[in-house]
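A.B. asks: Let me give you the structure first, and then I'll get to my questions.
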Amino acid sequence: MPIIDVAVPVPLRQTFSYTSEQKLRPGVRVSVPFGRRQLIGVVTASYDDPVDDTESEVKLKAVTEVLDEQPLFDATLQALTQWLATYYHHPIGEVWATVMPTRLRKGGALSDSVPALTLTEAGQAEAQTPTLRGKKQLECIALLAQGPLASEEIKTKFSNVVLKALEEKALTTQTSIRLTEKQDWASFSLQQTPPTASTEQGVAIAAINQQASHFVPFLLDGVTGSGKTEVYLQVIEPVLKQGRQVLILVPEIGLTPQTVGRFERRFGISVGVLHSQMTDLARVKVWQQARRGELGIIIGTRSAIFTPLKRPGMIIVDEEHDESFKQQDGLRYHARDLAVKRAHTENVPLILGSATPSLESLNNALNKRYTHLTLSQRAGGASHTQLKVLDSRDQPLHAGIAQGLISIMRSHLQQGNQVLVFLNRRGFAPAVLCHHCGQTVDCKSCERPFTYHKSQGRLQCHHCGASRRMPEQCSECHSHDLQTSGIGTEQLEQGLGQLFPDIKQVRIDSDAVKGKDKLITRLDEINARKYQLLVGTQILSKGHHFPHVTLVVVLDCDGALFSADFRAAEKLAQLITQLAGRAGRASKPGEMWLQTDNPGHPLLQDLINNGFAHFARQALQERKLGALPPYSSQAIFRAEAGEAGLAANLLQQIRDCYRPSVNAAKGQFIGPLPCLIEKRQGRFRYMLVLQSQQRAALHSWLKHHLQEVEALPLASKVRWSLDIDPVDLS
DNA sequence: AGCACGCCGACT
DNA sequence: GTCGGCGTGCTC
């Protein structure tokens, strides 16, 4: 009887063998007995029993059910899945579970249609002139009036009672909706005349178009507002014309609708969208359509890199420096790196676009592994934002802003322009402390100060999300004299309200734009000039352009200047550059002020005087001298446990496992060290960094000793993980 | 990771 | 006398 190897979703670095009626193709899902449960796994290999030894077959269980006729993935994506398991040293079954849409992971069929609910004629009439008294029933009718909806989706919105009532009154009836539909997207015609490309854009477009038939990696290094998206649009066109599909990765920032709209308006074809907030069904629908070649363009966040494509033609990673492309738990893959790998195996061109390229990608461009395309001019002749530092030492501060800056803000506001104030700290104040003994009010499980949120009248821990009410007195000395310390966006907003009482302001941070679509609404209002003063966090630095903003103020750069994380400077420079790019247009040049206590800091000076491109090359030199990434490779073992000693001990033992090989090859250890945030949610976190200037050597050590590590008695007691090419050392 | 088996404390 | 604590061991 044939034997098949199956990758089951368990954290074990092996496959399991089963007997099967017939050989099965790799990539086919099967349901198998595993211990006392039933799991869905994926076939990785299939062969005749080499010894035809019935005794060995006795030990093997039989496959319960074969779920697919066709493999889920083609050979390329299967190879990529295998590569993921090897490169990230991750259990193959968990890798498969990560790369599959949830619905398929749970055993859902690859089908053309699913059961759905639709309105009957009576139902249509009811939707026109409501007569029902049931509020929920009317809501349901109104929803279905827009078209049929999959039963499993409607069940999450309405109770069975409601649905049954409607069906009994013959207002609704069972039907089905198609998950795939033929779309003749390759015969599209442009819906808009493309704008004439600038000289630089033209060069970039020509360079890409000339090499569009095979793998060439491009770094599209273009300042904000230089029209990178227009380059994407123009190089995509010939690819689509050939009937080839384009996969576009974008960061996780809730702005996907805007990008999608732009592509749809240009080509007049529907664009497949994949992001984390979609239902399982909607996601698998796009997945299947892409797999059948029914979509020409697929735009998605990190995990979209696993979308199967029938005729791949190009892969684009927009804002390639963005850290949201790195998964931070489970299989810690980097979607940008994977995009390079995938484009290579699919033999299609790859475009990495950014105004502030990661040092990794920039290095690849400088040493000619990537073709470097530069866009240095802003479209429409907009000038570059002027960067300046403001020395805040010995200056009186109001709401955390130096007097000098307030005057500058006032003059911009008086001219009717918008001003953006950036502060990367939400809440009212980052700490509450006792005026008497100096003790801060800390989160017990993280040992970090609580952030005070005045609007809720509560304290919130930004590390674990814990929340409690504001205490009456100090827990140490029982003094009632508690006061807040430091400034967050909430307080900044309040202070600015006092400084500029007649100016309309809006706050953009994750507290203020919590609801769905709220961010987009606010951003639209900003550009409609409903507000003049914009206060906010990170969110403001991502992807949105504010043409009426002429002044950007950054209040807290000092923290990052002296960080333990060697990437902090790179991140700050990217943030500042991205923020600077938000402002200004042709008729209104922008300026940007960085408020700092370290005006002479070399990083700030370099950025201000020479710009990001120069800063980045400088930073690369420093990385080279320090033998840091991208001039060396890193892997981090992390451990967390209720007792600090346990986590640190495990890492020490892991270090001992690796010591002989690492020392022999002149690799390095850093740690075990407590993580920057040592305690989170009541668990102590430690890390051990392994580093080598030879990537291959590092991977070979990891491979050879991982079994030893797994066999350590502590390894089953302490939660640990391995992070390859880490980007966040916290 | 699950999910069992297994061997010691406070309870209807 | 049992219910249940989580230690340890296995999963084709």
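Numbering starts at 1 and runs along the chain as it is shown here.
Including glycine, each Cβ sits where the backbone N, Cα and C put it.
Here's the feature list from TrEMBL:
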BINDING   A:CYS434, A:CYS437, A:CYS474, A:CYS477  Zn(2+) 1 binding site
BINDING   A:CYS443, A:CYS446, A:CYS461, A:CYS464  Zn(2+) 2 binding site
DOMAIN    A:209-375  domain 'Helicase ATP-binding'
A.B. asks: Given A:CYS474 (Zn(2+) 1 binding site) and A:CYS464 (Zn(2+) 2 binding site), what distance in Å do their CA atoms have, once rounded to a whole number?
C.D. replies: 22
A.B. asks: Can you tell which of A:CYS443, A:CYS446, A:CYS474 has the most other C-beta atoms within 10 Å, given these are the binding-site residues?
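C.D. replies: Result for the most crowded candidate: A:CYS443.
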A.B. asks: Could you state the CA-to-CA distance between A:CYS446 (Zn(2+) 2 binding site) and A:CYS477 (Zn(2+) 1 binding site) to the nearest Å?
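C.D. replies: For A:CYS446 (Zn(2+) 2 binding site) versus A:CYS477 (Zn(2+) 1 binding site), the Cα atoms are 21 Å apart.
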A.B. asks: If you compare CA-to-CA distances from A:CYS461 (Zn(2+) 2 binding site) to each of the binding-site residues A:CYS434, A:CYS437, A:CYS477, which comes out shortest?
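C.D. replies: Considering only the listed binding-site residues, the nearest one is A:CYS434.
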A.B. asks: Let me check the 10 A CB neighbour count of A:CYS434 (Zn(2+) 1 binding site). How many other CB atoms are there?
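C.D. replies: I get 21 for this one.
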A.B. asks: Can you work out the mean pLDDT of the predicted model over the domain 'Helicase ATP-binding' (A:209-375)?
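C.D. replies: Averaged over the domain 'Helicase ATP-binding' (A:209-375), the predicted model reaches a pLDDT of 94.
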A.B. asks: Taking the Cβ of A:CYS437 (Zn(2+) 1 binding site) as the centre, count every other Cβ atom within 10 Å, in any protein chain shown.
C.D. replies: 13
A.B. asks: Give the distance between the Cα atoms of A:CYS464 (Zn(2+) 2 binding site) and A:CYS437 (Zn(2+) 1 binding site), rounded to the nearest whole Å.
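C.D. replies: Cα-Cα, rounded: 26 Å.
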A.B. asks: Other residues with Cβ within 8 Å of the Cβ centroid of A:CYS443, A:CYS446, A:CYS461, A:CYS464 at the Zn(2+) 2 site?
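C.D. replies: Counting only non-site residues, the set is A:LYS444, A:SER445, A:GLU447, A:ARG448, A:PHE450, A:HIS462, A:HIS463, A:GLY465, A:ALA466, A:ARG680, A:GLN681.
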A.B. asks: Compared by Cα position, which of the binding-site residues A:CYS434, A:CYS437, A:CYS477 is the closest one to A:CYS443 (Zn(2+) 2 binding site)?
C.D. replies: A:CYS434
A.B. asks: Setting A:CYS434, A:CYS437, A:CYS474, A:CYS477 aside, what same-chain residues sit with their Cβ within 8 Å of the center of the Cβ atoms that define the Zn(2+) 1 site, listed in sequence order?
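C.D. replies: Leaving out the recorded residues gives A:HIS435, A:HIS436, A:GLY438, A:GLN439, A:GLN473, A:SER475, A:GLU476, A:HIS478, A:SER479, A:ASP481.
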A.B. asks: Which chain-mates of A:CYS477 (Zn(2+) 1 binding site) that are at least 6 residues away have a CB under 8 A from its CB, listed by sequence?
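C.D. replies: Within the chain, A:CYS477 (Zn(2+) 1 binding site) has Cβ neighbours under 8 Å at A:CYS434, A:HIS436, A:CYS437, A:GLN439.
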